[in-house]
Amino acid sequence: MSSARYYIAYGSNLNLEQMKMRCSTAEVVGASEFKGYRLVFKGALTNAYATIEECTDGAVPVLIWSLKPQDEKALDRYEGYPRFYFKEMHTVVVNNEPVEAMVYIMNKECKEGIPSGNYYNTIMKGYKDNGLSTEYLEQALKECVKNVNGK
């Protein structure tokens with residue numbers, strides 16, 4: 001019996017085509033909101049990646065995936081686990097049911113930066129493919145640009 005576990009995607013892994021290439025046996029469980037967090041971009045100043053930070057009144061649009069062990073191993077490689085991202089387990093409600101799910105969070109020492117256009121568009125496609133509010137993603141980018149440029 002395989003030990004699948006749930007995974008909370010909030011960045012480029014919302015993109016269905018990308019996830020199919022990375023994790024061929026992963027299955028979408030449903031869309032949700034990850035409460036108590038906000039979406040930010042961190043990494044290098046001009047090549048940042050999505051991550052989440054605690055934010056009391058925040059709620060990040062997410063997609064919940066069911067991963068088999070080989071899918072999680074593949075994602076660990078893509079996400080740079082454990083050096084670039086670490087993992088935490090959280091409860092999230094999907095399809096009206098609370099489930100325990102794994103989420104990748106970027107290591108704290110990474111600084112805020114601006115994502116590349118290609119990376120941002122990959123995330124945007126994921127938002128659109130899954131019926132998530134693109135306004136949330138657009139606002140997260142605006143906040144990031146403002147913070148990085150100091151305006």
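Placed from the backbone N, Cα and C atoms, the Cβ positions cover glycine too.
A TrEMBL annotation is a machine prediction, not a hand-curated record.
Taking Cβ-Cβ distances under 8 Å and a sequence separation of 6 or more, the neighbours of E79 (active site, proton acceptor) in its chain are Y85, Y104. E79 (active site, proton acceptor) carries a helical DSSP state (H, G or I). If you look up TrEMBL, you'll see E79 marked as active site, proton acceptor.
Of all Cβ atoms in the protein chains displayed, 24 besides its own lie within 10 Å of the Cβ of G11 (substrate binding site). Here TrEMBL flags Y7, I8, A9, Y10, G11, S12, Y119 as substrate binding site.
Taken from TrEMBL, the feature domain 'Gamma-glutamylcyclotransferase AIG2-like' covers 8-119.
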(request) Give me the mean pLDDT over the domain 'Gamma-glutamylcyclotransferase AIG2-like' (8-119), rounded to a whole number. (result) 97
(request) Could you break down the residues of the domain 'Gamma-glutamylcyclotransferase AIG2-like' (8-119) into DSSP helix, strand and coil, giving a count for each? (result) 24 helix, 63 strand, 25 coil
(request) Might you list, by sequence position, any residue in that chain lying six or more from Y119 (substrate binding site) with a Cβ less than 8 Å away from its Cβ? (result) S12, N47, Y49
